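Database features (Swiss-Prot):
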- CYS7-CYS21: disulfide bond (DISULFID)
- CYS71-CYS72: disulfide bond (DISULFID)
- ASN20: N-linked glycosylation site (CARBOHYD)
Amino acid sequence: AIFKSYCEIIVTHFPFDEQNCSMKLGTWTYDGSVVAINPESDQPDLSNFMESGEWVIKESRGWKHWVFYACCPTTPYLDITYHF
């Protein structure tokens with residue numbers, strides 16, 4: 001799959017600005033009793049990342065979350081959120 005992420009850009013300190021972006025991957029169709037999301041590490045696989053001459057990824061991390069929504073307070077849903 002190919003995912004595109006858009007981030008809010010704040011250029012107050014241009015050209016020395018830093019941006020923080022997040023990408024959340026999960027399912028609302030199947031709950032945590034049916035779907036297992038187990039990342040191999042907290043570092044995303046950037047092997048297919050296309051570099052840009054305009055910016056660099058300085059740091060990236062991922063976290064697994066168990067989420068309980070108001071509709072179903074006893075049913076866990078899983079997601080992985082990556083921060084760049």
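Glycine too: its Cβ is placed from the backbone N, Cα and C atoms.
Every protein chain shown contributes to the tally, and the Cβ of CYS71 (disulfide bond) ends up with 7 other Cβ atoms within 10 Å. A simple way to gauge crowding: the CB of CYS21 (disulfide bond) has 14 other CB atoms within 10 angstroms, across all the protein chains here. All chains included, 11 other C-beta atoms sit within 10 angstroms of the C-beta of CYS7 (disulfide bond). Using a 10 Å Cα-Cα cut-off from CYS7 (disulfide bond), the recorded positions that qualify among ASN20, CYS71, CYS72 are ASN20. Around the Cβ of CYS72 (disulfide bond), the number of neighbouring Cβ atoms within 10 Å comes to 10. CYS71 (disulfide bond) carries neither a helix nor a strand DSSP state and counts as coil.
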